[in-house]
Amino acid sequence: MKVLVINAGSSSLKYQLIDMTNESALAIGLCERIGIDNSIITQKRFDGKKLEKQTDLPNHKIALEEVVKALTDSEFGVIKSMDEINAVGHRVVHGGEKFNSSALINEGVEQAIKDCFELAPLHNPPNMMGISSCQEIMPGVPMVAVFDTAFHHTIPPYAYMYALPYELYEKYGIRKYGFHGTSHFYVAKRAAAMLGKPEQDVKVITCHLGNGSSITAVKGGKSIETTMGFTPLEGVAMGTRCGSIDPAVVPFIMEKEGLSTREIDTLMNKKSGVLGVSSLSNDFRDLDEAASKGNQKAELALEIFAYKIKKVIGEYIAVLNGVDAIVFTAGIGENSASIRKRILADLDGIGIKIDEEKNKIRGQEIDISTPDATVRVLVIPTNEELTIARDTKEICETEVKLRSSVPI
């Protein structure tokens, strides 16, 4: 069985074609600058052979047509025809309160995704465009929506409710939802395997650190607390997002700077975080380099980022009543030894110690803690696409009859 995994953004479309017989990616690709000048599609095959093509991509439908062309290309492709694609798995950022698991896409599911547009205005509309475009190009192919929020549905009400008038929750669904769920789920499962323990006996804190960052407390394979909230703006400081701040700061800035609600939203989401503090960059490599050369604002930005995460780790150890492992994943979590070192410095009092040499190793699953540490520190590259493909396969095997004669 072959599953096409789609992650549609506002001007980009990431995809992977995964052969589920051995869970290997046959091709990984990206359409960039959709609806903008100088659009490009790049695709890398399992054997390293790479296609790069500049072409006009005015919308997501045209982009997906180019994806199919690339996958079936006589020189760079990996399948003979589109009929070899048995199912499509779509990443959908927000499932609201309706979805606690992945779902076979039908009219009801599509409407529920649209109902969440106001909860995730930057993400759900392009996710839906990806779904609609796929349905036009591949009619009859079963499609599954995998929600970023679904993993966090096990968070208890006392953790997800805000101390606001209850009717605001009843009227508008204002509560913590959490995000990056697919990533947190994957690495928590891998952590249990690396620890050699049954999933139900493991307590881990998973740190998904990228331009957007979130931390999750996972107990017995279930999310019981997470840093992102009603939107991905809540939580730790991030690349361009401020994270949690005193809410009274918002009207204060609006009044002083004469900003509209849209402008203050842009300021907090796109001009804050380490970019805002450093006045330099949201790329942590740039900040590391600048800090090493004495740039004090770059150093402060890195200190704030690490401190906020360290504080959450302490908080979540209390929430979990102890922890077996701290897990680092995503772009920064997997690749930045210096950030991991900053976060975990001076935590030996609670059993967290890292091996400096192991901490430098990149691109693989590894335990970087010292032998005498009582809490393991694991670096686990995330694989959201494989998780989406697995869910898609499982739902297709139980809920639909695949149209292809290719055996599952």
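Backbone N, Cα and C define each Cβ position, glycine as well.
Features of the protein shown, as given by Swiss-Prot:
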- ASP148: active site, proton donor/acceptor (ACT_SITE)
- ASN7, GLU384: Mg(2+) binding site (BINDING)
- LYS14, HIS208, LEU209, GLY210, ASN211, GLY212, ASP283, PHE284, ARG285, GLY331, ILE332, GLY333, GLU334, ASN335: ATP binding site (BINDING)
- ARG91: substrate binding site (BINDING)
- HIS180: site 'Transition state stabilizer' (SITE)
- ARG241: site 'Transition state stabilizer' (SITE)
ASN211 (ATP binding site) to ASN7 (Mg(2+) binding site) - Cα separation in whole Å: 17
Those recorded positions, out of ARG91, HIS180, LEU209, that come within 10 angstroms of GLU384 (Mg(2+) binding site) at the Cα: ARG91, HIS180
Set of same-chain residues at least 6 away whose C-beta sits under 8 angstroms from ILE332 (ATP binding site): LEU209, GLY210, SER213, PHE284, ILE339
ARG241 (site 'Transition state stabilizer') to ARG285 (ATP binding site) - Cα separation in whole Å: 17
Cα distance (Å, whole number) from ASN7 (Mg(2+) binding site) to ARG285 (ATP binding site): 26
Maximum Cα-Cα separation (Å), residues LYS14, HIS208, LEU209, GLY210, ASN211, GLY212, ASP283, PHE284, ARG285, GLY331, ILE332, GLY333, GLU334, ASN335 listed as binding ATP: 24
ARG91 (substrate binding site): nearby binding-site residues from ASN7, ASP283, GLU334, Cα cut-off 10 Å: ASN7
Number of other Cβ atoms within 10 Å of the Cβ of ARG285 (ATP binding site) across all protein chains: 12
10 Å Cα neighbourhood of ASP148 (active site, proton donor/acceptor): matching binding-site residues from ASN7, LYS14, ASP283, GLU334: none
Cβ neighbour count (within 10 Å, all chains shown) around GLU334 (ATP binding site): 21
Fewest other C-beta atoms within 10 angstroms, as judged across LYS14, ARG91, which are the binding-site residues: LYS14
Fewest Cβ neighbours within 10 Å, where candidates are the recorded sites HIS180, ARG241: ARG241
DSSP three-state assignment for ARG91 (substrate binding site): strand
